[in-house]
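Chemist: Before we start, here is the structure in question, set down as structure tokens.
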Protein chains: 2
Amino acid sequence: MSSGLHIIKIGGNVIDDDIQLQSFLEKFAALQGKKILVHGGGKIATRIAADLGIRAKLVDGRRITDKPMLDVTTMVYAGLTNKHIVSSLQKYGCDALGLCGADGNTIKAVKRPVRKIDYGYVGDILVDSVNTLNIKKFLEAGFTPVFSAITHNGLGQLLNTNADTIASALAVSLAKIYETKLIYCFEKNGVLRNVDDPESVIKSIKADEFETLKEDKVIYEGMIPKLENAFDALGKGVKNVYIGNALNLHKYQQGEFGTCLLSK
Amino acid sequence: MSSGLHIIKIGGNVIDDDIQLQSFLEKFAALQGKKILVHGGGKIATRIAADLGIRAKLVDGRRITDKPMLDVTTMVYAGLTNKHIVSSLQKYGCDALGLCGADGNTIKAVKRPVRKIDYGYVGDILVDSVNTLNIKKFLEAGFTPVFSAITHNGLGQLLNTNADTIASALAVSLAKIYETKLIYCFEKNGVLRNVDDPESVIKSIKADEFETLKEDKVIYEGMIPKLENAFDALGKGVKNVYIGNALNLHKYQQGEFGTCLLSK
């Protein structure tokens, strides 16, 4: 087991506000040790698609990615957003390396099989999707990989892939090489006991407590898949998972960051 | 001096036609040894800019890059085109790694000083622009860097940069480490003695012959800066420079490719 690795996922709301994004990136750059950033796309892709006359289709909160929308997400996630983040991190002294899953064949997904819904060019991550060998080369050479939520199928097809899932898949795979901690950053201070009170952060949640919190409707909607991803990662060798406010990342190494999820 | 390195620049016309592009990429993937691909952007950026209501400004054949146009070129060159090329190369068994100059701080340019014309967010390459140390890390680790024509200034600003210039700057800098050959691929079979006869390829041109060919107007317009770049690279340690048809790249290693430029 080599030294530690932090994998940090940053969500859309922070990306949409450049002042918040810069504040987060400066804190991310200051985080010691090996690290990987995974970012979503924010609302820019939807806005640019609309400006291009392409309508975003959603089914059950999931984006349907037809060919024009795949092109837009590739442009925005892997181009505009990824390179803005990378050049900003370089400014803060972090040797960032922007990647999509095709770069260095780092993440190879499969096009989601069509069942009830045809999601279009959406990639599902499999057990062996992550090329830990190549990602390790980047980390050991001193680079900080910055992943956009675009993968490929190895046959020349790019695929749009959920960023939370990419973050947990990276964490699970790299946990075999590094002591890996996964941090989901978003706009809230953590998992809240009372959604109207931003200070009501639940400091830690064990897997069995998660079930109770779901039953009691304390945790609901978009938070459920995020936490399910997180507990799944814990069950597969990831050392710790945290969920908290992107702008509080500087408090992480003082042990004062968001909600810590525990396998038991 | 380590082993050899090929740096290959592919121009816009081939990028705009996916059948030609795939044919070229398959040949590029088959090229033995260490290699780097540099690509321009093609007409897609201009088309997408127009669809977004952004008008492309040209002065003396040079693109003026205002902020909206920088965003479009970043999206298209570093996102859409770069990732399409990278995922295609992966299909052909080449472990491609898409980069802009901000990635791994590989190419740091300066914003072009405003004199008669304000070119906007255009980056000029300086003597120490190329980070040979980091590019060497990628090459030695078995990756094939694929550069889009976007650089950064190290202070968080992305810059649009001429792809021919990037190719020659990479070649000159990396010639200190590798025996480096530079190949400009475009849609013609080489430098032609008669522009109307595609078979009238001049097999080789020495630096002093170049001056005569310019005076005789055999070489003119867009070909002049391309060849000046090339002879400049030869004068600074690059072993050979070739100019030829992208679709003939498979003939290169048989010694039957385009026009070879010679320093003397």
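Even glycines carry a Cβ here, placed using N, Cα and C.
What TrEMBL records for this protein is below:
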DOMAIN    B:7-245  domain 'Aspartate/glutamate/uridylate kinase'
SITE      B:Lys9  site 'Transition state stabilizer'
BINDING   B:Gly41, B:Gly42, B:Arg63, B:Asn160  substrate binding site
SITE      B:Lys226  site 'Transition state stabilizer'
Chemist: On a C-alpha basis, identify the one among B:Lys9, B:Gly41, B:Gly42, B:Arg63, B:Asn160 that is nearest to B:Lys226 (site 'Transition state stabilizer'); the candidates are the recorded positions.
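Modeler: For B:Lys226 (site 'Transition state stabilizer'), the spatially nearest of the recorded positions is B:Lys9.
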Chemist: Roughly how many angstrom lie between the C-alpha atoms of B:Gly41 (substrate binding site) and B:Lys9 (site 'Transition state stabilizer')?
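Modeler: Cα to Cα, B:Gly41 (substrate binding site) and B:Lys9 (site 'Transition state stabilizer') are separated by 11 Å.
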Chemist: Less than 8 Å, Cβ to Cβ, versus chain A; work out which of the recorded positions B:Gly42, B:Arg63, B:Asn160, B:Lys226 satisfy that and list them by sequence.
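Modeler: The recorded positions close to chain A: there are none.
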Chemist: For B:Asn160 (substrate binding site), write down the residues of its own chain that are at least 6 apart in sequence and whose Cβ falls under 8 Å from its Cβ; none is a fine answer.
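Modeler: Set apart from B:Asn160 (substrate binding site) by at least 6 residues yet with Cβ under 8 Å, we have B:Arg63, B:Thr65, B:Met69, B:Leu70, B:Thr73, B:Tyr77, B:Gly120, B:Tyr121, B:Val122, B:Gly123, B:Ala149, B:Ile150.
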Chemist: What is the separation, in Å, between the Cα atoms of B:Lys9 (site 'Transition state stabilizer') and B:Gly42 (substrate binding site)?
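Modeler: Their Cα atoms are separated by 13 Å.
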Chemist: If you count Cβ atoms within 10 Å of the Cβ of B:Arg63 (substrate binding site), leaving out that atom itself, what do you get?
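Modeler: I get 19 for this one.
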Chemist: Which one of the recorded sites (B:Lys9, B:Lys226) has its C-beta surrounded by the most other C-beta atoms within 10 angstroms?
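Modeler: Sorting the candidates by Cβ neighbours within 10 Å, the top entry is B:Lys9.
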Chemist: Using a 10 Å cut-off on CB atoms, tell me which of the binding-site residues B:Gly41, B:Gly42 is the least crowded.
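Modeler: Result for the binding-site residues B:Gly41, B:Gly42: minimum number of other Cβ atoms within 10 Å at B:Gly42.
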Chemist: Over all pairs within B:Gly41, B:Gly42, B:Arg63, B:Asn160, the annotated substrate binders, what is the largest Cα to Cα distance, rounded to whole Å?
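Modeler: Taking every pair among B:Gly41, B:Gly42, B:Arg63, B:Asn160, the longest Cα gap is 14 Å.
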